[in-house]
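Enquirer: Relevant sequence annotations retrieved from Swiss-Prot are reproduced here:
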- Ala2: N-acetylalanine (MOD_RES)
- 2-80: region 'Interaction with SIAH1' (REGION)
- Ser3: phosphoserine (MOD_RES)
- Lys8: N6-acetyllysine (MOD_RES)
- Lys19: N6-acetyllysine (MOD_RES)
- Ser34: phosphoserine (MOD_RES)
- 73-167: domain 'CS' (DOMAIN)
- 73-228: region 'Interaction with SKP1' (REGION)
- Lys85: N6-acetyllysine (MOD_RES)
- Lys118: N6-acetyllysine (MOD_RES)
- 154-228: region 'Interaction with S100A6' (REGION)
- 168-228: domain 'SGS' (DOMAIN)
Amino acid sequence: MASEELQKDLEEVKVLLEKATRKRVRDALTAEKSKIETEIKNKMQQKSQKKAELLDNEKPAAVVAPITTGYTVKISNYGWDQSDKFVKIYITLSGVHQVPTENVQVHFTERSFDLLVKNLNGKSYSMIVNNLLKPISVEGSSKKVKTDTVLILCRKKVENTRWDYLTQVEKECKEKEKPSYDTETDPSEGLMNVLKKIYEDGDDDMKRTINKAWVESREKQAKGDTEF
């Protein structure tokens, strides 16, 4: 749901709260108000995160660490995409193409891979990715070393399947961020369902209260009075 539509829903709830007098109605509207405010906050955080990711992509991916012999740097910056047959992970490491071939090692399992780059500018670099979203073919997976880049090729066990995420953990985190109601429906449907349930379950006084608050809020909006 677009942020603008969420803001309109929030304003509508605030108008109804001003008019409602029944405790049950106010409690339901207050709960709906909190849900909408939380979703607006999540939308803003997602926008900020996307901006931060765009800025990170413009920076060198190699992690900078003090030059200490034997020190291992954990790789956290990478990019990935996919084809019908492979999931491809790109790791940028300055000068990696100049180290001996045997210094770049990748170990694959059906649901993970482990990259270790030894002795690159006095440090080692490690990247471990567990719980891949789907199984891969260990025998069909490989790595390539290009200029300043390590390319890891994970062969999909089932070809022509799409990976929406790289790992199962990432998928679960994204699904937890989804709102509890269907965001593909009409923007006001969540609020309307709450009011409809209260109306259907309420007595005559409650129905009159909701009807009065609804009519007055509509009249107020029609006149352009949007003070909240």
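We count from 1, first residue shown onward.
Cβ atoms here come from the backbone N, Cα and C positions, even for glycine.
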Enquirer: Looking only at the domain 'CS' (73-167), what are its DSSP counts of helix, strand and coil residues?
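Expert: For the domain 'CS' (73-167), the helix, strand and coil counts are 6 helix, 56 strand, 33 coil.
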Enquirer: Can you give me the Cα-Cα distance between Ser34 (phosphoserine) and Ser3 (phosphoserine) in Å, rounded to a whole number?
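Expert: Ser34 (phosphoserine) to Ser3 (phosphoserine), Cα-Cα distance: 15 Å.
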